[in-house]
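Here's the structure, in structure tokens; my notes come after.
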Amino acid sequence: MTGAAEKVNLLGMPKAKLEAFFETLGEKRFRAQQVLQWMHQRGVDDFDQMTNMSKSLREQLKEVAEIRGPEVVYDETSKDGTRKWVMRMDNGNSVETVLIPDGERGTLCVSSQIGCSLDCTFCSTGKRGFNRNLTAAEIIGQVWVARRAFMPFDPNDRPITNVVMMGMGEPLLNFENVVDAMNLMMEDLAYGISKRRVTLSTSGVVPALDRLGEVTDVSLAISLHAPNDELRNQLVPLNKKYPIAELLAATRRYLSRLPDKRKATIEYTVIEGVNDQPEHARELVVLLKGLPCKINLIPFNPFPESDFRRPSMNATRRFQTVLNEAGYVTTIRTTRGDDIDAACGQLVGRVEDRTRRSQRYIAVQQVNP
């Protein structure tokens, strides 16, 4: 192999695939363990630094493989400690990744696609349309970049304790790559994050949710956002294909396979005058009866292309009270990082807009020097 483009990126390979890769080189499978630790635990991307492998193997790896993460094009920390990155992937596409610190916990919100095809009416990402799925290397690369940003650090004081697949895209529409990336998150030789602390959020691709339960036992979040099909059809068009009853039945099946008594998280974006009334909350109580779950209320974050409005905090708390009194543990998501960005999906759009303007300016200057 001669071109760098032909090299295999090892960053997204879980242990089993990396072992198979080394076998094709005529090497023992334990080499995969060594490389996993170098890449993910130590943040190394240079084979020459992997000093517990022979020089000849390192030279061979440089010929056929690479360790390549996303390029950081934006990195800023808000007053409340929230840190946001825009990372450029292959083909010049960008995604955003957000780290939310909360005491001893650090939750990283990771993207699975560039854009999104679901076109949920309250989501700014969907307005950009769908471009492509991220590779496993591009997904785990977001964790890799974020972790490296804090190196060196005390192993007992890890900056990333939780990962949520809640960024741009629908994870279950990028099934294989998302599963590979989550396996790396939970791999003891890589990030060693507990399966309870890795959460996949889905709008409800029911067949893929059933398939997910056969291959992993990460925590589950359901993007519900409405207490009935009529309203959810308007907010989440996917509901027309997989209505609420089918989605909640699949959620029950998934939870029944877990080895522990874990609950699903029900995500509910609260939109003024749309789904924020006490009667909506009471309808939700009936809908979720018997489902092991907790509820996370997300006050709508306005963005330019939407006519929806953020509800008052009083309205959101009234909604919460109905659910709490019915016995559901219900929290209101705190808006973080307002001073550096607003809703998910807006930051990357603004950065790409600036990039396009810069490219147009350069092109004009080249034509008219």
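In case you wondered, yes, glycine gets a Cβ from its N, Cα and C as well.
Within S194, S201, the residue that Swiss-Prot lists together with G169, E170, S223, L224, H225, N301 for binding S-adenosyl-L-methionine is S201. Neighbour counts of Cβ atoms within 10 Å were compared for the binding-site residues S201, S223, N301, and the top value is held by S223. Following the DSSP three-state reduction, the secondary structure of H225 (S-adenosyl-L-methionine binding site) is coil.
For C109 (disulfide bond), the spatially nearest entry among the recorded positions E96, C120, C123, G169, S223 is E96, judged by CA separation.
Straight-line distance linking the Cα atoms of E170 (S-adenosyl-L-methionine binding site) and C123 ([4Fe-4S] cluster binding site), rounded to a whole number, equals 12 Å.
Confidence over the domain 'Radical SAM core' (102-338), given as mean pLDDT on the 0 to 100 scale, stands at 95. In sequence order, C120, F122, R232, L235, V236, E267, Y268, T269, N275 constitute the residues six or more apart from H225 (S-adenosyl-L-methionine binding site) in its chain with CB-CB distances below 8 Å. In the three-state DSSP classification, N301 (S-adenosyl-L-methionine binding site) falls within coil.
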